[in-house]
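K.L.:
TrEMBL lists 65-69, 135-141, Y146, D164, A271, G339, H391, D458 with the feature (6S)-NADPHX binding site. Annotated K(+) binding site per TrEMBL: N66, D131, S167, in sequence order. Among the features that TrEMBL reports, AMP binding site is placed at K428, G429, A430, G431, T432, G457. Residues annotated as domain 'YjeF N-terminal' in TrEMBL: 9-221. The annotation domain 'YjeF C-terminal' is assigned in TrEMBL to 236-511.
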Amino acid sequence: MYVVTAEEMQKMDRHVIDVIGIPAAVLMENAGSAIARDVQEYSRTHGIDKGKRPPRWAILVGKGNNGGDGLVAARHLMENGVDVTLLFAQSPEQLTGEAARQQEIARRLGIPSIVYGTSPVDWRSFDGIVDALLGTGSKGAPRGPYADLIREANASGLPIISADIPSGLDADTGVPHDPCIRAVRTVALAFLKRGLVQTGGLDKAGEVVVRPIGIWPSLADTFGIQTFLLGEQLFRERFRLDPRLPRQADTHKGTYGHVLVVAGSREMSGAGLLCSKAALRAGSGLVTWVMPDALLPALIGHVPEVMLAGLPGKWNLPEARAKLIALVRSRSVTVIGPGLGRFPGDADWLRMLWEETNSPLVLDADALNILADADLSSWPKRETPTILTPHPGEMARLANVTTSKIQQNRIELARSYARRHRLTLVLKGAGTVVAAPDGRAYINPTGNPGMATGGAGDVLAGMIGGLLAQGLPADHAACLAVWLHGSAGDRAAAKRPSGYSLIATDILEEL
Ligand SMILES: NC(=O)C1=CN([C@@H]2O[C@H](COP(=O)(O)OP(=O)(O)OC[C@H]3O[C@@H](n4cnc5c(N)ncnc54)[C@H](O)[C@@H]3O)[C@@H](O)[C@H]2O)[C@@H](O)CC1
Ligand SMILES: [K+]
């Protein structure tokens with residue numbers, strides 16, 4: 001599924017209207033009737049239409065096309081016996097374009113209306129609110145009556161269904177302005193807007209549904225849309241990958257690759273364990289976990305399925321380096337970093353693995369901290385798959401900006417970093433972004449806040465390694481791992497609904 005910016009959406013709208021010739025009023029009619037259907041469906045499934053009187057919905061109307069959608073929705077709702085009241089943010093004469101036409105129709109039909117600010121609103125008389133104040137044409141924080149209306153609507157405690165995006169949400173970044181509507185459902189029109197699947201949008205939009213309005217999805221390809229939502233349909237149609245395909249009968253462990261895990265230290269051996277187990281659970285035929293000799297005895301027998309390899313002395317001693325290079329070269333994929341710790345000369349050590357081997361690498365945790373202290377732009381570009389899996393703090397260090405800057409523009413920052421360094425970047429956090437070196441970016445809808453727990457990232461790094469080892473291209477392996485990891489986390493969370501007690505082992509168990 002495509003994910004678009006406000007500007008991309010506007011360009012496609014204009015194309016459909018001006019070049020193809022579908023009248024703007026037709027698109028708005030489709031948008032409004034889709035919203036009305038969602039309001040009725042919500043009323044039905046939430047018992048709002050159960051009383052003796054018809055359900056009462058307030059429709060908040062802004063002056064642009066978003067308001068126009070709300071006016072059409074009001075008309076369709078009225079036709080279906082819903083008791084609607086229009087609440088204009090500004091006086092109806094100020095509505096523009098298509099919205100003005102819809103306002104004229106609503107006036108002639110006699111749909112009851114109030115102009116906000118002319119008399120107090122009795123919110124208790126309504127069962128729900130449609131938010132059609134501001135859409136993709138909104139700029140900056142809601143001003144004047146828009147801000148006041150949003151605050152009152154939120155304070156009413158009524159369920160709010162937003163048209164296209166919650167008013168006050170930045171459609172592109174998902175950063176909520178003050179104030180911002182907090183919706184129970186958002187009816188995205190034609191395409192998902194980026195803000196709905198990033199940062200604040202995930203909290204403010206409620207359940208997000210995408211409804212067609214007469215703009216065909218493949219138009220996004222013509223317009224070069226490069227951002228996608230992960231899901232089974234995308235895996236099948238774009239990646240030609242079926243996550244449910246059973247294994248073939250005539251295969252053996254060698255068929256499924258061999259992951260080398262370079263991880264763990266005395267204080268953080270668990271990170272290596274979780275990572276190795278996850279690589280196995282993702283289907284890698286074999287996993288070897290390598291660590292300095294001194295750490296090895298304590299781990300013998302802890303995971304019988306994982307092979308252990310010891311290095312003489314410490315990571316950076318010459319004998320250890322030589323043995324490590326040999327191990328990396330003889331395995332299909334290497335995952336470096338979970339619980340590794342830092343040590344003198346670690347930047348040279350990592351650069352040696354980066355330059356002197358051509359095996360696929362997954363870099364996580366301390367490997368990313370090492371990279372952040374080095375100057376990656378002076379390192380050679382790798383020809384083989386290289387995947388970085390930073391959380392926002394690690395990404396901030398890699399890109400040398402603040403964490404809040406990263407969070408304000410996750411998709412574009414991830415995309416430009418991946419392009420510039422020609423690698424695959426997994427920017428973790430709610431709505432994880434996978435950015436490929438070809439400029440495509442994928443957003444993950446699975447997962448939950450219960451997964452914000454130590455070790456969850458080690459599991460993900462291991463899973464990516466496990467899928468890479470089975471021969472998937474880097475972006476496919478990263479996308480599938482991220483999606484499966486989140487889905488496993490969702491199943492684990494279903495057993496511990498508050499989210500607080502979920503731990504990384506639970507995610508592993510659900511794979
Ligand atoms: N043909 C189209 O372009 C279609 C547009 N559609 C709807 O139209 C929306 C976009 O419509 P518009 O481009 O008219 O813009 P909006 O309706 O989002 O905003 C309209 C007006 O609000 C005012 N405004 C902007 N920022 C503000 C702020 N911070 N505080 C207060 N007022 C502010 C401006 O005067 C702006 O013109 C979409 O989100 C969607 O809901 C749909 O009807 C489908 C077709
Ligand atoms: K809206």
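We number each residue from 1, going along the chain as drawn.
Glycine is treated like the rest: Cβ placed from N, Cα and C.
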K.L.:
What whole-number distance in angstrom separates the two most remote CA atoms of the AMP-binding residues K428, G429, A430, G431, T432, G457?
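P.N.:
Largest Cα to Cα distance for the AMP-binding set is 14 Å.
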K.L.:
Can you give me the Cα-Cα distance between K139 ((6S)-NADPHX binding site) and A430 (AMP binding site) in Å, rounded to a whole number?
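P.N.:
Checking the Cα atoms of K139 ((6S)-NADPHX binding site) and A430 (AMP binding site) gives a distance of 25 Å.
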K.L.:
For ligand 2, which among the binding-site residues N65, G68, G339, G429, T432 have a CB under 6 Å from it?
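P.N.:
List returned for ligand 2: none.
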K.L.:
Give me the sequence-ordered set of same-chain residues, not including K428, G429, A430, G431, T432, G457, with a C-beta within 8 angstroms of the centroid of the AMP site's C-beta atoms.
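P.N.:
Once K428, G429, A430, G431, T432, G457 are set aside, the remaining close residues are H391, P392, L427, V433, N444, G447.
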K.L.:
Relative to the Cα of G339 ((6S)-NADPHX binding site), which of the binding-site residues S167, K428, G429 have a Cα no more than 10 Å away?
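P.N.:
Close binding-site residues: none.
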K.L.:
Rounded to a whole angstrom, what is the C-alpha distance between G429 (AMP binding site) and N65 ((6S)-NADPHX binding site)?
P.N.:
33
K.L.:
Give me the count of other Cβ atoms within 10 A of the Cβ belonging to G431 (AMP binding site).
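P.N.:
There are 23 such Cβ atoms around G431 (AMP binding site).
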K.L.:
Binding-site residues Y146, G431, G457: which have a Cα within 10 Å of S167 (K(+) binding site)?
P.N.:
Y146
K.L.:
Could you state the whole-number distance in Å separating the C-alpha atoms of K428 (AMP binding site) and T136 ((6S)-NADPHX binding site)?
P.N.:
26
K.L.:
Where ligand 1 binds, which of the binding-site residues N65, N66, K139, G429, G431, G457 are close by, with Cβ under 6 Å?
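P.N.:
Result: N65, N66, K139.
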K.L.:
Say we define neighbours as other CB atoms within 10 Å of the CB. Which of the binding-site residues N65, T136, T432 has the fewest?
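P.N.:
Ranked by other Cβ atoms within 10 Å, the binding-site residues N65, T136, T432 bottom out at T136.
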K.L.:
Take the C-alpha atoms of N66 (K(+) binding site) and Y146 ((6S)-NADPHX binding site) and report the distance between them in angstrom, rounded.
P.N.:
13
